[in-house]
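Beneath this line is the structure, given in structure tokens, with notes to follow.
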Amino acid sequence: MAQVKVALAGLGAVGLKVAEWLDSDDARTLGQGLDLVAATASSESSARTKLAGLTHQPSYLSPGDLAEAADVVVECLPPDLFRAVAEPTVKAGKVLMPLSVTQLLVNWDIVDLATETGARIIVPTGALLGLDAVRAAAEGTLRSVTMRTRKPPAGLAKAPFVIEQGIDLSDLSEPLRLYQGSVRDAAQKFPANVNVAVALSLAGAGPDETQYEIWADPGVTRNTHVIEVDAAEVSFEMSIAGVPTEENPATGKLTPLSTIAALKALVQPLKIGS
Ligand SMILES: NC(=O)C1=CN([C@@H]2O[C@H](COP(=O)(O)OP(=O)(O)OC[C@H]3O[C@@H](n4cnc5c(N)ncnc54)[C@H](OP(=O)(O)O)[C@@H]3O)[C@@H](O)[C@H]2O)C=CC1
Ligand SMILES: O=C([O-])CC(=O)C(=O)O
């Protein structure tokens, strides 16, 4: 059986780690195998520099051309570039693995398009946990889902809401709640910080019904998310404390690992968890 061809849109905190794993024997020989055939970054020279250590060099393609070369396109770009990758991938009936999950909410026509073309959109759990349990609970009678995020202020400094409101996070002495409300609204205000909240909402109660808070907290060094789920059949609380990556303080180190796990699930014969 032919290897599954993978393209990486983005070689930052998420994409480069995934590229390095895809270059390994582990990825290339697992099940039918995964093959990194193409990648994109802000320029070809940037991509070539980042990928210089790889044994198997992928082609460099623009975001819109990745889908033609691959079976699976992993999108890990800045949020505003999501559509440039997602639309051609879904149009071509390929598998889209998006990390900029906030962008699904404002590009929902792409999800609709997937039903027409047969494309699949597989959202890795990313920096979160427990989406399997939330999905299962949603098959019963879900009553409420709430989530509270605390991040070191540096990870929130570039959020459009923080910039527009002129909020100075550089010298906080105590936690500051930046937002309380629906996930849908939070996704617009903090597009690069609440991907996990959007994934949680799509797994469960939806972006309008999932209640969300985000805090800039000088007392934490990790990206911390606490989730409470209440349903007729079950209630549970989950928390996770992700170490920010060196490359991007907004992105936790679990995110590339979760993406690798999601890619493995495409080719492994045994799948654990629903
Ligand atoms: N779902 C989840 O759980 C999580 C999702 N995310 C999201 O994942 C996405 C990726 O995050 P992260 O890896 O930290 O981002 P980074 O900022 O570290 O990397 C972004 C990548 O995009 C490339 N890029 C920038 N501009 C362009 C352009 N014009 N054309 C092509 N490529 C470009 C950069 O290129 P270069 O390398 O040349 O600079 C870089 O490789 C973000 O949207 C983030 O919000 C983050 C954390 C958790
Ligand atoms: O890394 C995290 O904790 C989550 C994150 O940035 C996001 O959801 O965008």
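The backbone N, Cα and C atoms fix where each Cβ goes, glycine too.
The model shown is predicted, which means the values in this text are computed figures rather than measured ones.
Going by TrEMBL, these are the annotated features:
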- HIS225: active site (ACT_SITE)
- ALA127, ASN195: NAD(+) binding site (BINDING)
- 10-124: domain 'Aspartate/homoserine dehydrogenase NAD-binding' (DOMAIN)
- 173-260: domain 'Aspartate dehydrogenase' (DOMAIN)
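Distribution of TrEMBL features across the structure.
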residue: ALA127; record: NAD(+) binding site; Cβ neighbours (10 Å): 25
residue: ASN195; record: NAD(+) binding site; Cβ neighbours (10 Å): 27
residue: HIS225; record: active site; Cβ neighbours (10 Å): 24
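Confidence across the domain 'Aspartate dehydrogenase' (173-260), taken as the mean pLDDT and rounded to a whole number, stands at 97.
ALA127 (NAD(+) binding site) sits 9 Å from HIS225 (active site), taking the C-alpha atoms as the reference points. Here HIS225 (active site) is positioned 12 angstrom away from ASN195 (NAD(+) binding site), judged by their C-alpha atoms. Contact annotation for recorded positions (ALA127, ASN195, HIS225) versus ligand 1: ALA127, ASN195, each with CB under 6 Å from a ligand atom.
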